[in-house]
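Read through the structure below, which is laid out as structure tokens, and then see the notes.
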Amino acid sequence: MDHRSAQSDIEERVIGEEYKIWKRNAPFLYDTVMTHALEWPTLTVQWMPGASRSTSNDYDLHKLLLGTHTSNGEQNYLMVAAVKLPTADTDFVENSLTNPPSAKGKIEIKIKILHQGEVNRARYMPQNPFIVATKSPCADVFVFDMSKHPSVPSAGKGFCPEHHCTGHSKEGYGLSWNPHRTGQLLSGSDDAQICLWDVNEAGQSVPCVASWNGHLDVIEDVAWHQQCPTIFGSVGDDRRFLLWDARANHTERPMILVDHAHDDDINTLAFSPQNEFLGVTGSTDATVKLWDLRNTSGAVYTLRGHHKEVFQLQWSPCNESVVASCGADRRVNIWDLSRIGTDASPSDVDNAPKELLFVHGGHTSKVSDFSWNTIDPWVFSSVSEDNVLQIWKPADFARGQFPVKS
């Protein structure tokens, strides 16, 4: 056995032991945990808006947007799953990998739409959740109206999105709907280009209405500002954090350019939904940085709690100071920015960063994406590269009182 193989075996044993410890402590750390094995991995997950209460009052029915990442030429799908979340009176912790019959009624795939290639990312339009945009290994961005597709593909019917959005020459992951203007879709890809489309009244082939070229390498993510309808940001492998105004004529000169914003590739960014001046970025350097958009000469603060690449960021829908991140270290971290500048409390665990509110340690592989439920704002969904989808809600005592390390 060579050194590399031995190191891999040791790492697998450590991961296995960590998972056993997490599983043993899960009933104390969570109000709800559901673990579901998908047929194929998914790189994307997003809670869809709305929920309905069961007639028995013991669960609420939510929906999740997913997409497959198959191999060996297997067909890929854009999917919607139904999730039965227990109400407050029926909180539970259940591992569906060890109890499949019960779990079948908790998480179930309800809609499958044929997709060309793997689904790198899928996001619904805020103004109309039936409209979903996807990115894949193809350079084009696809837009589906799910109300026009059957719950299972019709026999003999092939891949048929409502729109093919053209303009990119390579694949990518960055995708963002304008929360203020219906139909405006933003994308960033490996061709170092940002494209904007308006899918209102568009035909099947939709050319971009504008494009920007301020990056020097792969663009990993784009995001619209949450208060200003023409402002958006972009980050990429050139370690740049750029801020743009769609009204400006300068397609190669952003309104703000932060060079060397991180020490490695920047994979994700998010703007605060409550504070117009705050944004966060996450990097392969394992850090999350907080930025004040009024002064970007340096980050306001650097959050250090991940041990590998940070893949995704999302702000809490209800708490201005709370943001979450996921990454290659198999963790989803929840941060409380209001603790920045405060003294560490005696209850801090293992010298954990004082801003670290909670660590979800239930995954045994890289966490590709996660989503914060807007109906029940402490419920999360997260997906990892080993086909696992988890639905979880930290216990009451773990929220906002002291850091908990799972």
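Placement of Cβ uses the backbone N, Cα and C atoms for every residue, glycine included.
Here is what TrEMBL says about this protein:
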DOMAIN    17-87  domain 'Histone-binding protein RBBP4-like N-terminal'
REPEAT    165-200  repeat 'WD'
REPEAT    259-301  repeat 'WD'
REPEAT    303-338  repeat 'WD'
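Applying DSSP to the repeat 'WD' (259-301) sorts its residues as follows: 0 helix, 20 strand, 23 coil.
For the repeat 'WD' (303-338), the DSSP counts in helix, strand and coil order read 2 helix, 19 strand, 15 coil. For the repeat 'WD' (303-338), same-chain residues at least 6 beyond its ends with a Cβ under 8 Å from one of its own Cβ atoms are 15, 265, 267-275, 280-284, 286-290, 352-353, 355-361, 363-374, 377, 380, 382, 384, 394, 400. Within its own chain, the repeat 'WD' (165-200) is flanked in space by residues 120-121, 123-128, 131, 133-143, 206-224, 226, 229, 232, 234, 236, 238, 244, 246, which lie at least six positions past its ends and keep a Cβ under 8 Å from the stretch.
Counting only same-chain residues 6+ beyond the ends of the repeat 'WD' (259-301), those with a CB under 8 A from a CB of the stretch are 218, 220-221, 223-228, 233-237, 239-241, 243, 307-315, 317, 320, 323, 325, 327, 329, 335, 337, 340.
In the predicted structure, the repeat 'WD' (165-200) carries a mean pLDDT of 98. Across the repeat 'WD' (165-200), the DSSP tally of helix, strand and coil residues reads 0 helix, 19 strand, 17 coil.
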